[in-house]
Amino acid sequence: MAKELIFGHQNPDTDAIGTAIAYSYLQNKLGYDTEAVALGEANDETKYALNKFGFTAPRVIKTASNEVDAVMLVDHNEPQQSVSDIDKVKVTHVVDHHRIMNFNTADPLYYRAAPVGCTSTIMWQMYNEKEIEIPQDIAGIMLSAIISDTLLLKSPTTTDQDKEAVEALANIAGVNYKEYGLKMLKAGTNIADKSEEDLIDLDAKSFELNGSNVRVAQINVVDLPEALERKEAFLKAMDEASKSEGYDMFMLLITNILDSDSEALVVGSDESKAKFEKAFNTKLSDSEVKLPGVVSRKKQVVPPLTNAFEA
């Protein structure tokens, strides 16, 4: 059987990398020849999780077709979020928990998606269905992914399935998930040593909304006022990125992981800003607005933006 690469989205988070590792282990147990790779360097939070459970970060690839003919995707499906030459390889499997958009294939494939908080929750279910024993390190990295995506089960995306998976995986991994989870999340909040340009690209995704190219980035912090001291520098970096990459709107969500509130910074045309204001029923003040209780890009940001841009 020919080798296949497994990877998550660009600017990978803990779910994108952790689930790729877990899926590669599962598929290899089932007779496939796979390797987990990444479409970018691991962030600080992910590095903390990888180190905790004894993994080295997957190697980073820029293209896939120079290595393999087929790939498996986790934690994404939209082509603009995938490897640059996704149109040159065959997608044989997808496991995801996001909306399906601009995705089509020439051949039938395995596609599994569910509205849960994290792709690793689906992966945990797949291990159980296949009756494949989950090793301690794999359990740990899947646990880390769920904690990351659900903000320690506090995100509105959290489901009973996520909670069940966390309990089971923490037991296998041998950790107190609340204590470990808080340490892991805090490891990803150190922004002092990073440039604004790096921060707005660390966890960012592009969305095509009714012909508009919308970029939504998110950074997690424990000190929101400190992060907002860099507001003007953030806006400058966002504006420059929009001009160079052709974004019609760039939104940066700065989320306080301790109180589950966010502040949004927005750059773009007057028309796109008006659509942002309509989406969240609010008014921007100097390109900034508070978004109380908003922590999930997938559930609380993209759906209202989609509705506003398509209205």
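Keep in mind that glycine also has a Cβ here, set from the backbone N, Cα and C atoms.
The DSSP secondary structure for HIS9 (Mn(2+) 1 binding site) is coil. The Mn(2+) 1 binding site annotation in Swiss-Prot covers HIS9, ASP13, ASP75.
Summarising the annotation, Swiss-Prot assigns Mn(2+) 2 binding site to ASP15, ASP75, HIS97, ASP149. Under 8 Å, Cβ to Cβ, and six or more positions away along its own chain, HIS97 (Mn(2+) 2 binding site) finds ASP75, ALA113, ALA114, PRO115, VAL116, GLY117, CYS118, THR119, THR121, ILE122, LYS298. In the three-state DSSP assignment, the secondary structure recorded for HIS97 (Mn(2+) 2 binding site) is coil.
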ASP15 (Mn(2+) 2 binding site): tally of other CB atoms within 10 A of its CB: 29
Where ASP15 (Mn(2+) 2 binding site) falls in three-state DSSP terms: helix
Residues near HIS9 (Mn(2+) 1 binding site) in space but at least six apart in sequence (CB under 8 A): ALA16, LEU39, ASP75, HIS76, GLN81, SER82, LYS205
Same-chain residues at least 6 apart in sequence whose Cβ lies under 8 Å from ASP149 (Mn(2+) 2 binding site): ASP13, THR14, ASP15, GLY117, CYS118, THR119, SER120, SER155, THR157
